[in-house]
Amino acid sequence: MKVLLANPRGFCAGVDRAIEIVKRTIDMLGTPIYVRHEVVHNRFVVDDLKQRGAIFVEELHQVPDGATVIFSAHGVSQAVRRQAAQRGLKVFDATCPLVTKVHLDVARHCRTGRDMILIGHAGHPEVEGTMGQWDQERGTGRIYLVENIDDVAALHVAQPHHLAYTTQTTLSVDDTRNIIDALRQRFPTIQGPKNNDICYATQNRQDAVRELARECDLVLVVGSPNSSNSNRLSELAQREGVASYLIDSAAEIDPAWVIDKHHIGVTAGASAPQVLVDGVLARLYELGATSVSEHSGKPESMVFALPKALRLQLVD
């Protein structure tokens, strides 16, 4: 049984930045430090930060007045930002810069009075934050959410000739392309972003899984069940005709999965650390793996700057 590692896999620049923001804030200011929502969608990462002193909450009313709060990588609505300011909270923003780009795009279309369509998954925190950039006090029009082609067919917009779209950053590239095609067919004058809003890491990891699926008869995706990009990786492998499972850690591997399997692919979502992948490889060796090799893959060199207040050199 041979194991093939996807490349790239695991942490992206936005996740690296978000985790480092929490760690540095704790180091510089001490505890307690509050984090609104899981800073990234990975149980191992969140548990590690809890042990360091981070307190995770879902809403700002759980944060004491005047305390320090970090916004997660998924971003927050304008209403949350206003509430934080009104309550005198000290805020560090771990929103991924690629999500911020989408937020700015939505705000720009709001100011021009266009209607806006967001392609995304209802209930996901990134979608809630992006929908919340639409400020009725600063513009007219409306923002609509579509999740699939059927939603596009059923959609009724107030301004079909004054319309734009954007997307959640962690979607299936293939699904999103099909939805955009449906939007353009129904609304020929719709405006889109200059560049694809699917993030580079999402695109690269999906391309890598597609390569794995061509060579493997099983693909294991390391990632938490609430991770959008991790779920998309497992779904993509299945669409390519390969059995695939999303696992939080090596402990979730069922030995029955690898029976009669000759080539097992392993990848990790953008919020899953390498230490979890290492644990999966160790478990696969216990189950009979004889070798591990790695695809050459697409190099990633993206680095996002920390907030200015956290760039100061820490002094022991």
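Using N, Cα and C of the backbone, Cβ positions are placed for all residues, glycine too.
Among the candidates HIS103, HIS109, HIS124, the residue that Swiss-Prot names alongside HIS41, HIS74, SER227, SER228, ASN229, SER271 for the isopentenyl diphosphate site is HIS124. Neighbours of CYS12 ([4Fe-4S] cluster binding site) among the recorded positions HIS124, GLU126, SER227, SER228, SER271, defined as a Cα within 10 Å of its Cα, are SER271.
Among the binding-site residues HIS41, CYS199, ASN229, SER271, none has a Cα sitting within 10 Å of the Cα of GLU126 (active site, proton donor).
Counting in whole angstrom, CYS199 ([4Fe-4S] cluster binding site) lies 13 from SER271 ((2E)-4-hydroxy-3-methylbut-2-enyl diphosphate binding site) by their C-alpha atoms. In sequence order, ALA13, GLY14, VAL15, ALA73, PRO97, LEU98, VAL99, THR169, THR170, TYR200, ALA201, THR202, ALA270 are the residues of the same chain, not among CYS12, CYS96, CYS199, whose CB sits within 8 A of the CB centroid for the [4Fe-4S] cluster site. Of the listed binding-site residues, namely SER228, SER271, the sparsest CB environment within 10 A is found at SER228. Long-range C-beta contacts of HIS74 ((2E)-4-hydroxy-3-methylbut-2-enyl diphosphate binding site), restricted to its own chain and to partners at least six residues apart, with a cutoff below 8 Å, comprise HIS37, THR95, CYS96, VAL99, HIS124, PRO125, GLU126, GLY129.
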